[in-house]
Amino acid sequence: MKKTYFIADLHLSENRPHLTHLFCDFMQQLAPQAEALYILGDLFDFWIGDDEESALIHTVQQQIHALSAQGVKCYFQHGNRDFLIGKRFAAACGMTLLPTYQRIALYGESVLLCHGDTLCIDDVAYQQYRKKVHQKWRQWLFLHLPLKVRLKIAEKIRARSKADKKRKSEEIMDVNPDFVLQTFAQFGVKKIIHGHTHRQHIHHIPPHFTRIVLGDWGDTASILEVNEQQQVRFLTGKE
């Protein structure tokens, strides 16, 4: 039976090698069964440019390239941690970069994909930050800094993000329900799949909308499987 997989929020880093092992297991065992794999952002805990080299980056690149070579279409949508992943890395992986919002035909149904951070409009401070860091001139300047400088900046941003997260309420960091309804209408879809909030769940919204939230990866993987009969289930990679 034809199937498609969706993952997000792996936050891969050198400091958490078990996540890389989970990712490799998934890519080698489950992912080859799919027609397509959609990675909806925050594959990495941070990304400072396609020119960075590390054992982790090399491993991830190899895994995605190998899957793509088997005929599985691989797609990537930027997250709030790895929005600087560019064409160079994508090409090396054999994956296609997607815009902030991407509508796809999923076994006869029109579905909207996004990382999910743009739906959290109540977090005003983050939205202001996001607007700044997505300005092309700021990205150009950052990417032309020495790697060591970029790494220090990224570490400071991560530390600040963790501190901010502790201060903010759970409601502010979740999606805005009214904005979600506006997004359904704007893109003419009845189903949205996203990550970012780490709150794995399938929300059924009256009268006929569905919002599927991908989970983050921790002790186990979090994989959404959708098959050609429109059956939906979450997998942990240990099935």
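Even glycines carry a Cβ here, placed using N, Cα and C.
Annotation source Swiss-Prot lists Mn(2+) 1 binding site at Asp9, His11, Asp42, His198, citing sequence analysis. Marked as Mn(2+) 2 binding site by Swiss-Prot: Asp42, Asn80, His115, His196. Residues or ranges marked as substrate binding site by Swiss-Prot: Asn80, Arg81, Asp123, Ser161, Lys165, Lys168, His196.
Recorded features from Swiss-Prot, shown on the structure.
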residue: Asp9; record: Mn(2+) 1 binding site; DSSP class: coil
residue: Asn80; record: Mn(2+) 2 binding site; DSSP class: coil
residue: His115; record: Mn(2+) 2 binding site; DSSP class: coil
residue: Asp123; record: substrate binding site; DSSP class: coil
residue: Ser161; record: substrate binding site; DSSP class: helix
residue: His196; record: Mn(2+) 2 binding site; DSSP class: coil
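Just so you know, of the binding-site residues His11, Arg81, His115, Lys165, His198, the Cβ with the fewest other Cβ atoms around it within 10 Å is the one at Lys165.
Reduced to three states, the DSSP call for Asp42 (Mn(2+) 1 binding site) is coil. Listed in chain order, the extra residues whose Cβ falls within 8 Å of the Cβ center of the Mn(2+) 2 site residues Asp42, Asn80, His115, His196 are Ala8, Asp9, Leu40, Gly41, His78, Gly79, Arg81, Gly116, Asp117, Gly195. Nearest by CA distance to His198 (Mn(2+) 1 binding site), out of the binding-site residues Arg81, His115, Asp123, Ser161, Lys165, is His115. Ranked by Cα separation from Lys165 (substrate binding site), the binding-site residues Asp42, Asn80, His115 are led by Asn80. Comparing the Cα of His11 (Mn(2+) 1 binding site) with the Cα of every entry in Asn80, Arg81, His115, Asp123, Ser161, these being the binding-site residues, the smallest distance points to Arg81. Same-chain residues at least 6 positions away in sequence with a Cβ under 8 Å from that of Asp42 (Mn(2+) 1 binding site) are, in sequence order, Ala8, Asp9, Leu10, His11, Gly79, Asn80, Arg81, Asp82, His115, Gly195, His196. For the binding-site residues shown (Asp9, Asp123), fewest C-beta neighbours within 10 angstroms: Asp123.
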